[in-house]
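Annotated transmembrane segment per TrEMBL: 209-228, 279-298, 344-363, 370-397, 403-425, 446-470, 476-502, in sequence order.
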Amino acid sequence: MVLKIFFPQCCNTADSGLLVGRWIPGHNSAVVLAVIHYPFIPGQVKKFLNELQSQTQVELIVLGSWSMPKEGQEGMDSFLKDLSTIFPQKCWLQLSREIGKTGFTCHVVQNNGKILQDPEQENGDGSSEKDQITLIHYDQRKVMLSQIHPLEEVKSDSEPSELRLVFQTVAQSQLLFSQDKYDDGPLKLTHWQSEGREASIIAELLKQVSVPVCFFLSWLLSLWHYFWSFRILNVRPVLFISSKLSTCVQSGHRALNFETAFSTKRAATHTDFMRKANIFVSFLVDIALGLLLISWLYRENRISKLANTLVPVADRVAKELQELLEWLMGAPAGLKMNRALDQVLGRFFLYHIHLWISYIHLMSPFIERILWYVGLSTCFGLTFALSILSDMVALLTFHIYCFYVYGARLYCLKIYGLSSLWRLFRGKKWNVLRQRVDSCSYDLDQLFIGTLLFTILLFLLPTTALYYLVFTLLRLVVVLFQGVIHLSVDFINSFPLFAICLRICRPYRLAEGVKFSVLCDEPGTPLHLMMEINPIKFTSVLQLYRAPTYSCYPKDSWAALCKKLFVGELIYPWKQKKNAKTD
């Protein structure tokens, strides 16, 4: 069986001393975490390791000895070998390195006195066992900060893999790395921070400031929830209107994100930490884009120009619709329409357009002031500005929505009427209780009335279908524009910007696995391998760390949507979710 020893690169040139680490349970592997330099007192070493075990919950022990001969330390090897009696273990590792050589000499003394000292040892039958001892060098800092994917393996009931146990051991031993050979104390250690501690005054100050800031933001969120708990805001009409307004839905979604990002509780898992970080970075980017937009709006008096342009554009749209209706009331594309029904529908829709024009001109003196206050709301983020734009588009095109609903309901009524009368001719009827078509016998009067109604509906269908087709196309144009806005809002809310930046700047933080390369294969020394981290792909980052959004998309297939359009059923492709889940 091969004995694998994971050795940190930072300890290759460490002074002679003791190897501190852990045996991987269930595997014939050992992880070296640090080297305690000579001189030391064995009692202080045991006390130090016991304190670390109680704080880190990692079984840290003395794995063996490390020898790096220098001048004046000729008897160091024999002294370190004798320490195996003070620190009794199942296996005692004796690693030594000569200056100028890359490979290590490794001896493993077992508790039965057997010594494995060569990478190739002959058995009694003349055969040989190769690579009994393998040294795997790793970058301790990268392994400590890395997170092995997929994350589902941690949640499963099965035993974690050997590689995952190695990464967990290094990550959980972070307290061991807080002391190094430059600190004043009875013990001097070498580990990755001995090469230069990563400390930042700005980072420490931000950590200290984040606690009161989180408390303040949590207090503001409690006030927000108290405001929305008023009974007048929870009546059915108010709830219905707020559920249809994109701005209200975005506000609720942002409040839920704030509760997660600015919670005073420490993130328990890697997923929780990444979710908090992604929400926080997305919020900062959203605010920055909103401030850029507000600076552009209030520069060179663009608000007034926009207000002066809005009313003429609305008049132009209403005029185009009026001309379209007048064209439909004639002979559109040379089609022969039912004149009576054509005139009734045309005048009905023209009346709605006149009402809408009157409404626009009534609101025109207040549009600039409304836009001025709406522009101020962009300081809450670009998503708020886009949500307000979506609501404004919905209000300004409300007459088109009404036309679509009227035309769809009338067309749907005729389609279902024709289908019911067609079943009458075939001696069938729809059984409401059993939800199926049953046979039925009709008398002569019923067939005569059915034939008369079928003829009337069939000849009126082209006129109704033409109005329904025109207004459905207009509605689809508005829906597509709002869909682009909603997609932009969802992209800003859900895009894992922090995870993507982490993947670009520090790819080892998000690891998908490792790869090994031969570092040294000198005769008389064990096989030396170099363990390098493989980062996960960008597509995997998007799939794993993309935040859930509040919008849902049509669950029907394209065939189902076309069927609904054909029979005249109302379609709301950008309908909001009733219960948004952000967990």
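The backbone N, Cα and C atoms fix where each Cβ goes, glycine too.
Bear in mind that the values here come from a model prediction, so they are computed numbers and not experimental data.
Sequence-distant neighbours of the transmembrane segment (279-298) (same chain, 6+ residues past either end, Cβ-Cβ under 8 Å): 254, 257, 260-261, 306, 375-376, 378-385, 492-495, 497-498, 501, 547. Listed as Cβ neighbours of the transmembrane segment (344-363) (distance under 8 Å, sequence separation of 6 or more from its ends, same chain) are residues 311, 314-315, 318, 321-322, 325-326, 328-329, 398-399, 402-403, 406, 463-464, 467.
For the transmembrane segment (476-502), the residues of the chain that approach it from at least six positions outside its boundaries are 246, 250, 253, 257, 274, 277-278, 280-282, 285-286, 289, 381-383, 386-387, 389-390, 393-394, 397, 400-401, 509-510, 538, 541-542, 544-551, 573-574, judged by C-beta separation under 8 angstroms. Through the fold, the transmembrane segment (446-470) approaches residues 324, 328, 332, 335, 337-338, 341-342, 345, 349, 407-408, 410-411, 414, 417-418, 421-422, 424-425, 568 of its own chain, all at least 6 residues removed from its boundaries and within a Cβ separation under 8 Å.
Residues 245-247, 249-251, 254, 283, 286-287, 289-291, 293-294, 297-298, 303, 306-307, 310, 314, 478, 481-482, 485-486, 488-489, 492-493 of the same chain, all 6+ positions outside the transmembrane segment (370-397), place their C-beta atoms under 8 angstroms from a C-beta of that stretch.
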